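Record features (TrEMBL):
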- 134-162: region 'Disordered' (REGION)
- 143-159: compositional bias 'Low complexity' (COMPBIAS)
- 169-308: domain 'Hedgehog/Intein (Hint)' (DOMAIN)
Amino acid sequence: MPTIAVYDWSVVSHDGAMTTSELVNDTDANDPGAANYDAGRSSWVGVNYTYDGNPPTQMIISDDDAFFQDGTGDTAGDQFLLEDVVVNGKLYPAGTVVQNEFGLHQNINGNMVNVYVLRLGNDNVGLIPAAGLPTPHSGARFSPTSSSDSDLANSSTGSTNETSYDDVICFEAKAMIATPNGGVEAQDLRPGDMIDTLDRGAQPLLWTGHQKITFSSSDDKRRPIRIDVDAFGPGLPARALLLSPQHRILLTGRPGEPDELGPALGFLDLPGVSRVRGRASVTYVHLLLPRHEIIRAEGLASESFFPGPTAMRMLPPSQRSAVRAQWHELPPTGADHTHAVRPLLTRRQTRDRLMRYAVDA
């Protein structure tokens with residue numbers, strides 16, 4: 001169940017001749033280099049597409065193969081939305097067919113930059129840059145010189161626009177957690193499994209809680225924070241990571257200063273960190289260890305579940321009871337759920353630290 005990220009038409013502008021109708025309805029790029037080029041229509045090639053710096057919209061899709069394709073090229077079965085999503089102000093319900101309508105390509109110093117036009121139902125809704133490209137900043141520009149299509153008569157590259165899901169910007173809904181046996185998705189961890197920690201080596205998992213949150217509006221404060229690949233340095237995180245807004249990330253102190261834990265919400269001013277838009281719901285997974293620990297999710301150091309007053313209030317009653325039950329069953333040596341593993345910062349304190357570090361740098 002890949003999750004893809006699209007920059008919709010509300011965050012991407014263009015200087016081409018395409019009308020709004022063509023932008024939404026065209027099923028090929030009308031490339032001058034393609035056999036089926038129609039001089040009476042606008043072309044998507046030779047146009048500058050400019051990003052405004054706002055984050056993409058994420059959506060979970062179902063597909064029975066590993067390839068993101070146009071509807072005419074997907075022989076194994078349809079790709080469709082697993083959850084409702086709002087794009088360009090329009091609701092697309094679960095079950096809507098998803099297509100990689102056509103590809104747009106730009107050769108920059110011998111490196112091919114690939115972007116795909118996403119179609120939901122009968123509408124082209126935006127652009128999906130290939131994986132490995134920098135997160136588009138405000139003013140970033142893409143200027144394709146060629147195109148690809150499932151119908152080769154509409155392709156100037158001589159190839160189709162089919163691509164592996166590994167090659168489009170996407171993330172798994174469940175973070176990969178470091179264990180002695182390698183990375184394991186949080187959803188697959190069970191009590192008794194061993195989790196790698198920064199301070200105390202491998203520690204047993206006592207309890208896992210799965211909590212599905214359905215959002216009431218686009219500005220719901222519970223919407224997750226997305227951290228893009230390499231946002232905090234090479235491999236940090238190794239894959240795009242979703243965290244609840246109050247989930248804390250390790251903030252390494254300067255020489256002579258302590259390391260601290262700041263909420264993901266406090267990192268929003270950094271490039272590559274954004275609040276998720278467009279998702280109708282998300283499932284958060286809580287991992288309780290004998291002590292509050294620092295663990296690695298997608299390579300990024302963050303906290304295990306800390307059952308403080310705020311976190312406990314956010315849990316459903318049944319999960320609060322399950323956590324409290326663990327307090328009476330803890331092993332006698334070294335168990336502690338009352339002390340944080342590092343000093344805890346508020347959102348404002350986290351932003352202040354980051355601003356000071358930026359000035360010092």
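Heads up, the Cβ atoms here are built off N, Cα and C, so glycines get one too.
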Counts by DSSP class (helix H/G/I, strand E/B, coil) across the compositional bias 'Low complexity' (143-159): 3 helix, 3 strand, 11 coil
Model confidence over the domain 'Hedgehog/Intein (Hint)' (169-308), averaged pLDDT: 86
